């Protein structure tokens, strides 16, 4: 419900990038790629009295989004979704329960089915039904992006109450519903520039706390200041310092900004035509003589999750597509065609250059306008440090990255679930890392290790005893994403270290490498489907989000070795660990009598060495025999023909376990020696 609680009107965008629209026949509901700017794509939100978990959606024709009982095609499971005006007192078919799924939402009917955007060939293409997706390939067909449409500039007479206003007199109305925010009169009232959009009073919220930003177009490309210090174009290279723009506020105009490039020049709406005979005019980098030059001033206008930058003449910064010379060009213009309405929309990424607070000579100006002759002396790049890109979401204050260590601080083993509802899995080849929907497999469990001396990073070890590693090898030639693998380096370095970061909501976590890339769960078609890479996402920002399931937790206090043990005991085939009286452990860590003894195990490497791992994996073992324990350890580690040993705490030597396990089920620490290890030759044991 958080997507709708404060919304008066929304647009719903399917996985295909198309909008849910109410057709002009006042009955059909379909998808349209070009309908985002149309009033038919806007749905008024009504809350239901007595049920805070469901909503109603009213189209621009005054009719409600309805889950009908009529089959879409005979013999098929999907049923039609229509626009209707039912008797709400008796019919729950117009009520939808929003269910959050990452950054998107599912809309569930009273019968437990979901609003579904169909793809493929006609008659399915662009259709909308309600159904349960049974195939893996159609799981995301029920996911919708929610764009909140700001209708605050409309007069009160055009705004419906956020609570449902349905009553028995609705059947007597003429169904024109002037209270709907999507009626033509409302659109014209709220329109500006003849486009019929709903305009936010203030798009400045995207920039108020920003020192520098990147602007990403509808094509996934960034606004870039070219090296000739004149041209402005689009580029997919968002990591370049040329893609970062310093934000300056205009004195006396609280709704205007200036954008300064890395060359110290301003983004300028020029009067020169881009091509003779065409309406679009050039956008350049310039250094005007005075600060009163209004061509360098831009008014941010909020449109859903994006922003438009409007000139003083009412035109918009536009990212062009198509064939050359239009491809990658940037102009300022008013888009007249429906197909180009999205060309003036920009996503705002706030770039936090923290060194600018410390270095007054870094060349970065304060958010207040510093327009003066000093701009002529600006010669350096603002890229004086490694910037941390922070994404702006839904027009709220910029999401600040904070440490996500709280997700792992008490965890011994975890599962990581991606936005695709798949788990991070260590492949059985002991090298690849993939995604898989089977969350019960031991390969989706990762042991958490903390790095000594660094309290903000972790290591993740697979069930095969290898670490989650950000490699330098490209996943595909010519593509930015690099492979994530399992490895066991001789010396643990930064490639196996991950920094958990989150935002103020503290719901999902991102895992960042020491070099600023993020652990990314890819979707789409093969070879990308189910693959894992590390990268900085250009478009799919939610693909780097993970939910953390804690499978095992640490006791609150580290077990201590009993002082009554003698050196002879240490040379035996096992050693006992006892806890001090009165130690308090989490409930799930307290081995109950019915759960058997607690076994901690360590896996020796190929040289027979064992790391001093304070966060060793463990399990409860109910058996009594060594053979049973060996089988259990083979299941836990995925290894075959292992040798189970204990380690002498004095000299560190390994001793194979050959006798029965000790009575009374004490806690045991054992070492698993795989057959590939040089230590598996029993003659090498001391």
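Cβ atoms here come from the backbone N, Cα and C positions, even for glycine.
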- Note on the structure: Of the ranges 359-379, 380-400, 401-421, 422-442, the one TrEMBL annotates as region 'Disordered' is 359-379
- Message: Need a quick answer: max count of Cβ pairs under 8 Å to the domain 'DUF569' (204-346), which of 1-144, 405-546, 596-673 is it?
- Response: 1-144
- Query: Under the DSSP assignment, what numbers of helix, strand and coil residues are found in the domain 'DUF569' (405-546)?
  - Reply: 13 helix, 59 strand, 70 coil
